[in-house]
Amino acid sequence: MSGADTSGRAVVVAIDGPAGSGKSSVARAVARELGFQFLDTGAAYRALTWLILEQGGDTDDEPTVIGSLGALDSLELTVDAAGQRVAIQGHDVTEDIRTERISGAVSGVARTAAAREAVNVRFRAIIAAAAPGIVAEGRDITTVVAPDADVRVLLTADEAVRVRRRFGDVGGDELQVGARLAARDASDSRVVDFLNAADGVTVVDSTHLTFDETVDAIVRLASEEQHD
Ligand SMILES: Nc1ncnc2c1ncn2[C@@H]1O[C@H](COP(=O)(O)OP(=O)(O)O)[C@@H](O)[C@H]1O
Ligand SMILES: Nc1ccn([C@@H]2O[C@H](COP(=O)(O)OP(=O)(O)O)[C@@H](O)[C@H]2O)c(=O)n1
């Protein structure tokens, strides 16, 4: 199925939600199905976190986070739905940014207002240049980065299900994975509200949906929007 808009204008699908709700994997699959680009905004926060830790810094120290923002000029964030590549200061960090070490430190970057503003400038430029469309996912895409998106989705799932999914990906101690996920959501949700749908945002609860059903639900919303 092709998702191209008949007017030639790029279609923007925005997806927010808590950790483990399926945002990146579902958004990527939706993008593939629609023939769109894919933007995982969390990757930018994770890449900055990687760099700060690499340099021996602490993401809870705001001046350190602010001092790292110049490195955003070197951030490479591809928008290929087949697989996003992430590099910063010439280091390919595509794999390394997915570790629990990075997940455990990323909220410090996310709560720094100057960091949010700097990455949002990049995200908006990527979205503005998208063709024929883009699926962008994160925590504040439907509300701050692209509040005018054609399709706005809050992707949720019960916490126990999200922990189980994340545990399936990272392994280790399930209780610890759960505690870390809950702590990160608690910290992140003090900065942006991704637990309640803003006006005009459709909630897709994937708790009882298979992966394919979740993808289909969002593809359907995008198709309906284009036929309005
Ligand atoms: N509806 C679903 N049913 C089953 N597994 C899912 C579903 N949605 C996502 N997953 C799986 O859950 C895991 C976490 O998804 P991920 O995309 O990393 O979430 P997020 O980006 O929101 O943290 C992945 O292994 C993904 O394949
Ligand atoms: N739009 C966004 C995207 C991510 N983030 C931050 O970046 C972190 C990593 O995002 P992510 O989407 O990779 O996280 P997961 O949901 O995949 O675990 C989040 O925990 C937030 O701290 C954000 O604040 N705003």
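From the backbone N, Cα and C atoms, a Cβ is placed for every residue, glycine too.
Here's what TrEMBL has on this protein:
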type    : residues                                    : note
DOMAIN  : 13-222                                      : domain 'Cytidylate kinase'
BINDING : G17, P18, A19, G20, S21, G22, K23, S24, S25 : ATP binding site
List those of the binding-site residues G17, A19, S21, S25 whose Cβ lies under 6 Å from any atom of ligand 2, in sequence order, or write none if there are none.
A19
Could you tell me the mean pLDDT over the domain 'Cytidylate kinase' (13-222), as a whole number?
97
Using Cβ-Cβ distances, find the residues under 8 Å from S25 (ATP binding site) that belong to the same chain and are at least 6 apart in sequence, listing them in sequence order.
F211
Are there residues of the same chain, six or more positions away from G17 (ATP binding site), whose CB falls under 8 angstroms from its CB, and which are they?
K23, E137, R139, L154, L155, T156, F194
Out of A19, S21, K23, which has the highest number of nearby Cβ atoms, where nearby means within 10 Å of its Cβ, if these are the binding-site residues?
S21
Determine which residues of the same chain, besides G17, P18, A19, G20, S21, G22, K23, S24, S25, have their CB within 8 A of the center of the CB atoms at the recorded ATP site, and list them by sequence.
V26, E137, L155, A157, R162, R165
